[in-house]
Structures are given as structure tokens and as C-alpha cells.
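Let me begin by presenting the structure, written as C-alpha cells, before commenting on it.
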Ligand code: IPE
Ligand code: IPE
Ligand code: MG
């Protein structure tokens, strides 16, 4: 099989998260400044969003800018935010056409006002759409997200709104920025690095990992298809035995005592 659209629904991922890496290397390989790689990467975003919709994914979450990426030179940062703003404006009609709902995770603090304004406009416009959810992780860092959830839980407990004994995995998840979203089933990283780079650490606990050497600006629909077909061949066991795996992780059993 070459087209994962023919897969039975239970073998298809509901949520695909992607670490879009390798833009700089792609540009450098052609003797171009790094920003050309970011610009070309937009074509890959378009291609995977379109393919994600065609495959009937419920959600796709793209790592656009990490909380660590502030270490990049100011010129690269300015370019990245200009590009993001441009994407949010130019792709609006296409997202509507494809029935995509746009959301964002990450800290708003520190992001340029014009980017936030365009994001809010696109999110509001696409909110009623019932197709794939496209979630952009911008100024996102998983450890900060987990620390923030712990802080809010502590605050609610101190205010008497939450019983500390009642805090379980689902309570905790409901305090994360991804509350209400399904956990990623498949995590794709391009450009070959074997690390998570502070991405969705809580949420990918049982995601299937797929790393490809393809650099992000070269990533197209066929590469997403390959990753999804590879996913369909995996045996997800969630700690159980092969062949008896439930379709999704079982609810955690209550702790003793
Ligand atoms: C990913 O490409 C894009 C962002 C992190 C914003 P990189 O810019 O990290 O590309 P490499 O890893 O240097 O090739
Ligand atoms: C991860 O890529 C962040 C994004 C893709 C936005 P990086 O290029 O920043 O990750 P490291 O520095 O190689 O870990
Ligand atoms: Mg990189």
C-alpha cells in the first residue's frame, strides 16, 4: 500500500505532531543564508496541512518556535516572526477552504503584537470549522508548560477550589495548554536529530516516534504518507502484550492506599 488513506481508521493516527527541523542546514547546503530555509519551509507546511486534511487527521501540531529559539540572532528572529505573520494572513482563505481550525500553544508573552493580532483573527475566523485542527506551537516549551500547570494547580488547591488528593493524571492534563486535545499518536522529527527539544514532553509519553533525515524544506505529502504507513505497522502495546493492545491507552488504575 502506498496511500495511507486506504488504511482502516484504527491504524491511522488521530494526532500527528511534527518537529520541523533542518531549515538552516537546507539553506546552508545551497550556499544561502539560513532564512531562505525558513522561507522554503512554508511550502512544506502547506503540503503537510493539505495532506493531513486529505488523510482525515483530527489534529496536526507543528513546532514553529521553541522557548529556546530566542537564542537565535535578532535578524533571524525578526525574519521568523515576519514569516509567521505572513503565513497567518496569506493562508487564511486556504484554511477556511480546507475547513481547518487554527489554534496555538505556547506563551504569548514576548511574541510581537502584530503576530498575536493576526493569529487571533485567524483563530476566530476558523473557530467554527469542523475539519482538522492545526495547532501551532509558538514560543512553546514543555517544561515551562508543566511548571505553569503545577503553579495553577497549587493556586487552586490553596484557594480551596481543588482537593489535592483528587489530582490525578487527567486533572493534570486539564491544566496543560493542550487540555481537551488528543495526545499525539505519531511524532515526526525531520533532519535526523534524535531528541525532543522540549516538545510536548507530557503529551508524547506513548507517541510512536518517527525520525527522517529529510530536511524540513524538502518534506512533502509523500514523506508524511511514509511516516503514517510506518506508524500503521507499529504494535502499540501501552505496556500490555503484543496483539492484545487496546486502540488507545487505558485509563490509569487508581493508586493503592
Ligand atoms: C527549524 O530549523 C526551524 C526553527 C527552529 C525555527 P532550524 O533553523 O533549526 O534548522 P537547522 O537545525 O539549523 O538546520
Ligand atoms: C526544535 O528545533 C524547535 C523547532 C523545530 C521549532 P531546534 O533546531 O531549535 O532544536 P535543537 O536546538 O536542535 O535541539
Ligand atoms: Mg534545528
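Using the three backbone atoms N, Cα and C, a Cβ is placed for every residue, glycine included.
Where the annotation comes from TrEMBL, it is an automatic prediction and has not been curated.
On a predicted model such as this, the values are computed, not experimentally measured, just so you know.
Feature annotation from TrEMBL assigns active site to 21. In the three-state DSSP scheme, residue 21 (active site) is classed as coil.
The annotation active site, proton acceptor is assigned in TrEMBL to 69. Taking the Cβ of residue 69 (active site, proton acceptor) as centre and 10 Å as the limit, one finds 17 other Cβ atoms among all the protein chains shown. Under the DSSP three-state reduction, residue 69 (active site, proton acceptor) is assigned to helix.
Long-range neighbours of residue 208 (Mg(2+) binding site) (same chain, six or more residues apart, CB within less than 8 Å of its CB): 13, 185, 186, 187, 231, 234, 236. According to TrEMBL, the feature Mg(2+) binding site maps to 21, 208.
Annotation comment: TrEMBL describes 22-26, 34, 38, 66-68, 70, 72, 189, 195-197 as substrate binding site. Cβ neighbours of residue 67 (substrate binding site) (same chain, under 8 Å, six or more residues apart in sequence): 106, 107, 139, 140, 141, 144, 198.
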Do you know which of the recorded positions 69, 70, 189, 196, 208 end up with C-beta under 6 Å from ligand 2?
69
Ligand 1: which of the recorded positions 21, 22, 24, 196 have a Cβ closer than 6 angstroms to it?
21, 22, 24
Could you check which of these recorded positions, 69, 70, 189, 196, sit within 10 Å of residue 21 (active site), going Cα to Cα?
189
Just name the most isolated of the binding-site residues 26, 70, going by other Cβ atoms within 10 Å of its Cβ.
70
Across all the protein chains here, work out how many other Cβ atoms are within 10 Å of the Cβ of residue 38 (substrate binding site).
23
List those of the recorded positions 21, 26, 38, 67, 189, 208 whose Cβ lies under 6 Å from any atom of ligand 3, in sequence order, or write none if there are none.
21
